[in-house]
């Protein structure tokens, strides 16, 4: 996947519309986490150094197709003004002749932040006339919002067909890392997949089975696999409609020579509660009336052994109910093992990212993916509309 390089373009004096992902948590009119804003700074600094006139567009929250003050971009404007060493202006409108005038009046290296794009319902509907209005604001289009690349919205896909289009530095890094992971991983390639529901991860498991040497399964989804093999799972979370597919996936792994592992022991509880009674049980299964809440010590040892020998590691999803301290050990131990590995390590998914932060090892991970749903769809092997529209015509 070859993307044209933003660094090689002459952008002096040109108006550049950058689709960013500034969908940050806001409380009492203040942005409480500025990580997503900070991650776009390399792209913004590049554009400032090139003398571009920068127009930023993002969504925030889920407004219902019209202006809602609680979803205003103003708290983002306050943070952005602190973070960049240039003049930042704010437009209360997204489109229209007044906004076009504001874009033309920008000095080189200056920034104009637009109000929430989703205050127009046409944004999510990718309406052609709205795309044309957005295109009037700029001479060049840049998408630096990988987290929204799986959505074919006006600002993520539609407008890219109307202007010269490029990936921002953050977007390009995500695409390069995830593409490389799937195309030419150094072996052994170990994927660790967790989370509560097998239904939300089954497409990834199927795609990864064709590419990995070891597939380690944890979290609530593991109990559907265990049930499919007639292992007692008590009242653990099971999706009966996925039992036969889970059974077949284990069989297919055996035929293809992939080491697919499921938990051999468990930390169980008598209720889904941080104060529940707990026990450790082995592969004979989970007692009636109890539920699996985390992988057990033998499973941790097995998974850590596979991680130690790996050259490439992908981790998506926790090993247990790690937000409850009693059931966080499996997830934290996996995070620590990955951090000690000399392999190329990629971590994605909000819970896994929270786990590496909780374990204090985020700085030892090669790449932490900001993609969320976009990362999942990319790993499933699906085409992302927001990426497809950035490719040179011969690659589309």
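Just so it is clear, glycine is given a Cβ too, placed from its N, Cα and C backbone atoms.
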Item checked: Of 34, 36, 172, residue recorded by Swiss-Prot at the substrate site of 21, 22, 23, 59, 60, 61, 62, 118, 151 -> 36
Notebook entry, point to check: In Swiss-Prot, the residues 292, 323, 349, 350, 351, 352 are said to bind ATP. Which of 184, 201, 206, 211 is said to bind at that same site?
Noted result: 201
Next item on the list: State which of the following binding-site residues has the fewest other Cβ atoms within 10 Å around its Cβ: 21, 323.
Entry: 323
Margin query: I need the CA-to-CA distance for residue 23 (substrate binding site) versus residue 350 (ATP binding site), whole Å please.
Written below: 14
Item checked: Around the Cβ of residue 351 (ATP binding site), the count of other Cβ atoms that are within 10 Å -> 17
Next item on the list: Look up residue 292 (ATP binding site) in the DSSP assignment and report helix, strand or coil.
Entry: strand
Note to self: Rounded to a whole angstrom, what is the C-alpha distance between residue 21 (substrate binding site) and residue 350 (ATP binding site)?
What the structure shows: 15
Notebook entry, point to check: C-alpha of residue 352 (ATP binding site) to C-alpha of residue 61 (substrate binding site): distance in Å?
Noted result: 22
Checklist line | Using Cα positions only, nearest of the binding-site residues to residue 59 (substrate binding site) (201, 323, 350, 351) | finding: 350
